[in-house]
Amino acid sequence: MSHYDLILRNGNVVCPDGVRKADIAVSDGKIVLIAEEIPGDAKEIIDAAGKHIFPGITDGHVHFNDPGRTEWETITTGSSALAAGGGVAYFDMPLNCSPCTLDAVNFNNKLAVAQKDSLVDYGFWGGLTSANLDKLDELAECGVIGFKAFACHSGIDEFPRMDDYTALVGMEKLAKLGLPLMVHCENAEITKELTELSLANNRTGVRDYFAARPPITEIENVSRMITFAEETGCKLIIAHISTAKAVELVAQARARGVDVYCETIGHYLYLTGDDVERLGTVAKCSPPIRDGENQLQMWGRLFNDNIAFVSSDHSPCDPKLKNGEFMRVWGGISACQTTLQGLLTHAYHDRKFPLVKIAQLTAQHVNEIFKIKDKGQIALGYDADFALVDLDHEFTLQAEDLFYKHKVSPYVGDRFRGSVSQTILRGTTIYKDGKIVSQPIGKHLRPHQ
């Protein structure tokens, strides 16, 4: 009789080819058997009857701000929040840690913190700016999963924006290195001029902010970045895409063979500009949240498989930085704990979006795109990463439920349908019934070349 480390019995397993009732056996942190019924014994047996077993999610876009801005968030608190939402891995952005991840020294400083403090697995983005073109090779050797650049001002002076020369030379280099570039796409000149004009005329409200960053700023820049990618052969990922027209540009480029993808974020699917007026600065982000008509079209693009993955763009700050006029306060939303629950509520329950596609958007595609081996789906030989979900459990998110350093989110007070009861990383339970139940066991994820 076979003996395993872990058996999950009687669950509804969200596999790449569909949802089916099955048992899952785990040994040495890997999935070794999936069958209707698995005989044998295990060190641990979990009865998952009534639960859906999703692949643990990988959040491709977080700002945990560690080291250097730990008064905003830390790897400890951020990774705990991710686990509470069914997360098993994240890719941390090269800002707003300080110093930014622009060379090997600062990569290794961040790595040392994560090795000590990260509850879940982690990968790191390197930065591409006008000041570090000579550092791309050393960052690639460190094992970055890709590079991040801003076409407009990043919000902090220590991470300069990518000008056209940097885009050309940088993308040529990254094409040779075989690593992707993710770009925050907003036209620098238009956003700068409109913002300055608005401030000069004391127009600092929610709608003034929207007017200073209109859809054309994203649409134009996405088009230009696609042109750079097409000419250089660099794999391109459009960050936090917010307009359906920009998604269409990506789909058209992919149809003609350009290696380009886009991610979107939950708040572009769940919130509208009217919600931002109601919620205030807690819902300020860049690009801004758009109107209801665009949101409806974004859902259409999601159903048509034009969006590769959904991330949180978790970007917290000291709450004091959210006090003041909307135009002037920090832009960023705290959301890494609610990505899966949000999609279960708004996609599956509200719009009958398939569970398999939710698993693809939150786990499978992001690991495939970034060449992370053995992660992102429930299949033989893959890491035993699971989120156990009660699909019909309804709850109201309370501030005290959040594991963030600051208990702040635009979703506090919202009603969700679909909750995570347990998160398992490589066969070890790390979160269960509202509590973190493991020491940090995260490992560094590198692209598999």
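Any Cβ shown, glycine's included, is placed from N, Cα and C.
For the Zn(2+) 1 site that Swiss-Prot gives as H61, H63, D313, the extra residue drawn from K148, K235, K405 is K148. Of the binding-site residues H61, H184, H240, D313, D313 has the largest number of other Cβ atoms within 10 Å of its own Cβ. Mapped onto three states, the DSSP output places H240 (Zn(2+) 2 binding site) in coil. With respect to their backbone Cα atoms, H61 (Zn(2+) 1 binding site) and H240 (Zn(2+) 2 binding site) stand 9 Å from each other. According to DSSP, D313 (Zn(2+) 1 binding site) sits in a coil region rather than a helix or strand.
Long-range neighbours of K148 (Zn(2+) 1 binding site) (same chain, six or more residues apart, CB within less than 8 Å of its CB): M93, P94, L95, W125, G126, G127, L128, L181, M182, V183, H184, A239. The number of other CB atoms found within 10 A of the CB of H63 (Zn(2+) 1 binding site), across every protein chain shown, is 24.
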